[in-house]
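Taking it in order: structure first as structure tokens, then the write-up.
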Amino acid sequence: MVPSLSAINISFFQPPAFLMVGIPGLEALHCWIAIPFSSMYTVALTGNCLIMLAVRRTPTLHQPMYYFLSMLALSDVGLTLSTLPTTLSVLWFDYSFIGFNACLVQMFFLHFFSVVESSVLLAMSFDRLVAISNPLRYAAILTNNVIIGIGMAIVTRATLSLFPLPFLLKRLNYCPGKITLSHSFCFHADVMKRACADITVNILYGLYVVLSTVGLDSLLIVLSYTLILHTVMGLASPKERARALNTCVSHILAVLVFYIPVIGVSMIHRFGRHLPHIVHALVAYVYLVVPPVLNPIIYSIKSKPIREAMLRTLRSRGQG
């Protein structure tokens, strides 16, 4: 139960809880909307867990490319679990409150797994660059120790970049009448707008995090594919060119599925203030729900070794 706002000393106010919303204007249909959302969450968790199990149990998939794919699946599971409890509680049970500290924790992990996913996609582009540009030394360059080091660097980078965000929000004085969020989960850009204080530091640091992580990663991915194309165009046979580019299709699709919604969310939060609330909500859901759903589908369709390993894993679980 949230205390009466009139009874709280507002000289420095931090709300006991925020009020989340589902899809504005469609509150009467939330129970029906919850069905496809639950289905998408189930597909995302099942598909990504299946990829991780398939890679772990198949010795022939113990290769750098599939290790990075497992990292991508793990980040998708984390991203899904970050929003699932609050989104389904709003849609299924019409329970809209989230405690202030719980909101900050959810915000940290939501952005953490987004940065991790962006970093993993960058690592996967480096993997493709090495495989195509220097195939004879591929295994020598991307050893198990190097892959472990990359994984640790990704986690460290995300943690150090996002660790200050909850503390920057906790120092703010909030408006008692502005406790309603724009989504069924906590975004940094959304939470800071509930404050009745100067949020310049939050804006600048948030921009720095976006540019130094997702922004930098996207530029390096473009650079990687520029170098890949340069290498592929130097191959004599058109058949070899097609074969080399075909190994990149799944990754390119995963990059597009992740970065297009990220750009959409960033643009809307900064320049789309006058757009209807339902547009903000739908773009945010696309950003957080669609990539974890589509990535297992993309890789199971485009990668025969992954598809066969997933099917073997399913059969073995069914027989067990």
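Cβ from N, Cα, C; glycine included.
Look at TrEMBL and you will find 47-299 tagged as domain 'G-protein coupled receptors family 1 profile'. What TrEMBL records for 7-26, 32-55, 67-92, 98-126, 138-160, 203-228, 249-272, 278-301 is transmembrane segment.
The largest share of C-beta pairs under 8 angstroms with the transmembrane segment (203-228) comes from 98-126, of the ranges 98-126, 138-160, 249-272. Beyond the transmembrane segment (98-126), the same-chain residues lying 6 or more positions past its ends with a Cβ under 8 Å from any Cβ of the stretch are 14-18, 20, 65, 68-69, 71-72, 75-76, 78-79, 82-83, 86, 150, 154-155, 157-159, 161-163, 165-166, 169-170, 185-188, 191, 209, 213-214, 217-218, 220-221, 224-225, 251, 254-255, 258-259, 262, 288, 291. Residues of the same chain lying 6 or more positions beyond the ends of the transmembrane segment (7-26) and with a Cβ under 8 Å from any Cβ of it are 33, 86-87, 90-91, 96-100, 103, 170, 172-176, 179-186, 191, 194, 196, 276-278, 281-282. Mean per-residue pLDDT, taken over the domain 'G-protein coupled receptors family 1 profile' (47-299), amounts to 91.
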